[in-house]
């Protein structure tokens with residue numbers, strides 16, 4: 001069975017149940033959540049996440065595994081502000097606890113961090129230091145380091161940088177990788193024309209066994225643009241065929257594939273989620289040029 005889904009919202013009173021219901025409405029077989037708002041540290045207590053009802057709903061609809069995304073305010077690559085680094089370390093520890101409490105997620109996706117001007121070497125050393133403070137041999141979930149586009153001072157823009165972080169971490173059996181198609185394309189890898197070659201390179205440098213999550217996004221920009229602007233499937237510079245082939249790649253069969261493509265619509269209030277339509281299109285093997293209009297009309 002194809003493990004495919006999207007980012008969904010865990011909110012209101014229903015929390016995990018709401019997330020599962022949204023995912024099922026898209027025809028998804030997995031999904032990704034933030035355990036609270038991605039831009040702040042406010043979090044509901046674990047007992048208010050409605051875990052039991054959410055897990056029951058997932059079970060009834062054949063969803064066995066989900067992904068958690070760490071909030072993007074975490075920056076353990078920061079060497080200039082000790083308080084930012086410490087906030088990241090403390091918050092990541094909390095996210096591990098919350099994810100373990102959910103009991104249905106094995107991976108927490110993390111943007112490795114940004115060096116904010118200190119240089120990539122200093123940033124990578126700081127990320128290693130942070131992960132060494134966070135990871136324990138007892139934890140039951142992994143931190144999945146996301147491949148980054150190289151925007152600004154991001155670390156993790158190349159497979160070599162990801163490998164350096166992993167190699168420096170003591171309990172690195174608790175580390176995996178989230179491969180983002182838009183980011184990797186924007187970082188300069190030719191996944192549109194030679195995904196097998198890119199995957200081979202990843203295997204040599206990082207090891208394919210580390211690849212445990214796939215973020216499936218098209219890109220608004222040309223290869224190597226270092227921009228990180230996601231586009232709807234088939235409407236960007238990677239293209240439908242390449243993304244379809246990646247989603248159905250035999251070496252990645254067991255890995256959850258998560259769409260983070262933009263909502264569609266002119267005005268903010270009119271924007272509609274594309275996921276039901278994109279999931280169906282990736283399953284059926286045919287690109288639909290009229291997809292965006294269908295999404296708007298739902």
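Using the three backbone atoms N, Cα and C, a Cβ is placed for every residue, glycine included.
The Cβ neighbour count for residue 69 (Zn(2+) 1 binding site), using a 10 Å radius over every protein chain in view, is 24. Under the heading Zn(2+) 1 binding site, Swiss-Prot lists 69, 111, 146, citing sequence analysis as support.
Classification of residue 215 (Zn(2+) 2 binding site) by DSSP places it within a strand. Here the Cβ of residue 215 (Zn(2+) 2 binding site) has 26 other Cβ atoms within 10 Å, regardless of which shown protein chain they belong to. The annotation Zn(2+) 2 binding site is assigned in Swiss-Prot to 146, 180, 215, 260 on the grounds of sequence analysis.
Long-range Cβ contacts of residue 183 (Zn(2+) 3 binding site) within its own chain (separation 6+, distance under 8 Å): 146, 147, 148, 149, 215, 228. According to Swiss-Prot, the Zn(2+) 3 binding site annotation covers 183, 228, 230, on the basis of sequence analysis.
Taking CA atoms as the reference points, residue 180 (Zn(2+) 2 binding site) and residue 230 (Zn(2+) 3 binding site) are 10 Å apart. Straight-line distance linking the Cα atoms of residue 230 (Zn(2+) 3 binding site) and residue 260 (Zn(2+) 2 binding site), rounded to a whole number, equals 7 Å. Fewest Cβ neighbours within 10 Å among the binding-site residues 146, 180, 228, 260: this applies to 260.
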